[in-house]
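The active site annotation in TrEMBL covers GLU168. For CYS125, HIS167, HIS171, the entry in TrEMBL reads Fe cation binding site.
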Amino acid sequence: MDPRRTVAGDLADGAYLVRLMSGLGIRQLGAAPILTRTDHAPFDLPAERAEAEQAVHGLRRMAARVETLYPFGGGMGIAAPQIGIPRRVAIVRPPDGADLVVLVNPVVLASQPLPVRARKHYEGCLSFFGVRGQVRRPEWIHVRHQTLDGECRRTLFRGALARLVEHEIDHLDGVLYHQLLDAGDRLIPVGEYRKFTPIRRPPTGMPLPRTP
């Protein structure tokens with residue numbers, strides 16, 4: 001059997017994945033107006049360091065829970081609005097499995113001009129995880145962000161990590177990836193996506209989630 005056409009049971013069931021993420025506490029599109037708000041407040045650092053630390057802790061904890069239940073071979077991220085916090089902070093797990101990138105008060109300063117024929121890549125979102133869609137994004141983005149002490153930093157992100165970072169910063173601006181699809185493109189059910197995209201299995205010893 002062609003492994004590219006193997007569907008991994010519940011992981012290819014869109015309705016199950018939506019229930020799974022909702023059960024973990026990820027806010028879901030259509031039921032959480034916070035996801036489309038554009039006024040998520042930045043932290044006043046270092047004065048609000050304690051509040052920022054609490055938000056980052058919540059994001060780290062949620063990422064750990066999600067990664068325990070679902071295999072992410074291409075990296076993942078979570079923005080504060082997705083766990084009900086209307087503040088400007090997000091975290092990203094790089095595709096290579098490196099340490100989490102913490103983005104406090106991130107702002108995109110510059111990005112690669114997007115070519116007309118820029119390559120599209122499939123994306124998913126924990127807030128409507130039953131579908132996938134193809135999005136064009138720049139190859140690099142230059143981001144200003146802060147440490148918890150309030151120090152300003154500027155970081156250049158490239159490739160797949162740039163895509164993940166921009167996806168999460170979009171969340172903080174009330175923009176979801178399905179709004180960026182080209183005219184004529186559509187979201188596809190995760191089961192259809194899995195037919196031509198091999199699922200990346202979780203680490204050895206970590207079970208796949210099963211339907212209750």
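Cβ coordinates come from backbone N, Cα and C, glycine included.
The record gives CYS125, HIS167, HIS171 for Fe cation. Within 8 Å of the mean position of their Cβ atoms, the other Cβ atoms in that chain belong to GLY77, ALA79, GLN82, GLU123, LEU126, SER127, GLU168, ASP170, LEU176, TYR177. CYS125 (Fe cation binding site) falls within neither a helix nor a strand when secondary structure is assigned with DSSP, and so counts as coil. Counting only same-chain residues at least 6 apart in sequence, those with a Cβ under 8 Å from the Cβ of HIS171 (Fe cation binding site) are LEU35, ALA79, PRO81, GLN82, ALA90. For the pair the residue listed as 'active site' and CYS125 (Fe cation binding site), the C-alpha distance works out to 10 angstrom.
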